[in-house]
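What follows is one structure encoded as structure tokens, with my remarks underneath.
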Amino acid sequence: MVKVGVNGFGRIGRLVTRAAFNSGKVDIVAINDPFIDLNYMVYMFKYDSTHGKFKVDIVAINDPFIDLNYMVYMFKYDSTHGKFKGTVKAENGKLVINGHAITIFQERDPSKIKWGDAGAEYVVESTGVFTTMEKAGAHLKGGAKRVIISAPSRDAPMFVMGVNHEKYDKSLKIVSNASCTTNCLAPLAKVIHDNFGIVEGLMTTVHAITATQKTVDGPSAKLWRDGAGAAQNIIPASTGAAKAVGKVIPELNGKLTGMAFRVPTANVSVVDLTCRLEKPAKYDDIKRVVKQACDGPLKGMLGYTEHQVVSSDFNGDSHSSTFDAGAGIALNDHFVKLVSWYDNEFGYSNRVVDLMVHMASKE
């Protein structure tokens with residue numbers, strides 16, 4: 001079982017840790033976070049307001065901003081995912097989850113984290129800060145063998161499970177798991193393109209609030225309206241998720257682009273893919289091929305539903321993407337709007353774990 005370190009114990013760092021314990025596929029041995037103490041880590045891991053109390057191997061965590069007690073708190077309690085249903089505590093300077101002790105670091109400089117001493121072979125870079133090959137590569141200096149960036153990267157190879165993961169080569173030391181939205185869009189786009197051909201398309205993601213947004217109106221380093229209060233507004237925003245599909249499906253490069261609407265919900269987002277098809281297809285034909293993919297090569301990653309679902313129905317869902325057969329529409333046999341849901345936190349975190357497992361299988 002591959003031994004994993006987590007850098008940054010924020011939303012994705014904690015949920016990757018949860019996903020790791022739930023799946024039993026990887027061993028978390030260390031965590032780094034300079035802003036959270038150990039007891040707070042325990043709390044934050046165990047209680048999650050969205051996903052509930054923790055139910056799950058991780059060997060090290062780094063977060064320079066959280067002391068150990070705070071780590072305990074943040075892991076235990078989560079406003080989105082609910083209280084952690086296992087045991088989590090701080091003991092002898094370590095974070096102990098279900099009896100499994102995890103080494104804690106609080107380094108701001110990733111090159112100073114002694115991942116090797118903790119036994120961490122793979123590092124999940126989940127701070128959102130060290131997203132380039134050069135910056136993420138600092139983890140290798142501390143003894144890590146490979147780094148998985150849990151965000152899009154300007155220059156690291158990007159992989160989406162079920163889409164292009166088979167192209168991973170063990171010579172690669174640093175990779176990106178792309179974004180949650182790319183992980184939702186790419187499997188659906190692949191199925192549609194493989195069966196009917198996508199001439200061109202526009203994507204819109206209606207996206208839940210994330211930690212980068214403001215609780216009340218404040219200054220934004222990007223677009224001014226990005227600084228509007230997240231709970232008060234629907235905010236048009238940019239996203240590179242659709243263009244990134246062209247990196248994982250080269251045949252679609254230059255054929256897709258998109259935007260986002262940030263909406264005041266805590267979790268779960270939805271993709272609207274409006275595209276022109278090369279081959280004619282009835283909407284029932286599209287439903288059929290998507291369902292076949294869900295039951296076949298994309299099982300566990302792409303889901304399918306004909307129920308009258310809403311966003312909260314997907315809270316805690318581990319799929320990358322769930323096609324909503326009843327929500328899509330067709331103007332004609334060549335022009336369609338397709339809808340797919342995703343838990344932008346938990347579904348994505350499960351794919352981070354799956355990517356590490358796949359990489360380890362190539363060692």
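Including glycine, each Cβ sits where the backbone N, Cα and C put it.
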Among Thr210, Thr215, Thr305 - the residue Swiss-Prot places in the same D-glyceraldehyde 3-phosphate site as Ser179, Cys180, Thr181, Thr239, Gly240, Arg262: Thr210
Nearest recorded site to Lys214 (SUMO2 cross-link) by CA-CA distance, among binding-site residues Ser179, Thr181, Gly240, Asn344: Asn344
Where Thr205 (phosphothreonine) sits in the secondary structure, as DSSP reduces it to three classes: strand
Distance [Cα-Cα, Å, rounded] between Thr239 (D-glyceraldehyde 3-phosphate binding site) and His207 (site 'Activates thiol group during catalysis'): 11
All-chain count of other Cβ atoms within 10 Å of Gly240 (D-glyceraldehyde 3-phosphate binding site): 16
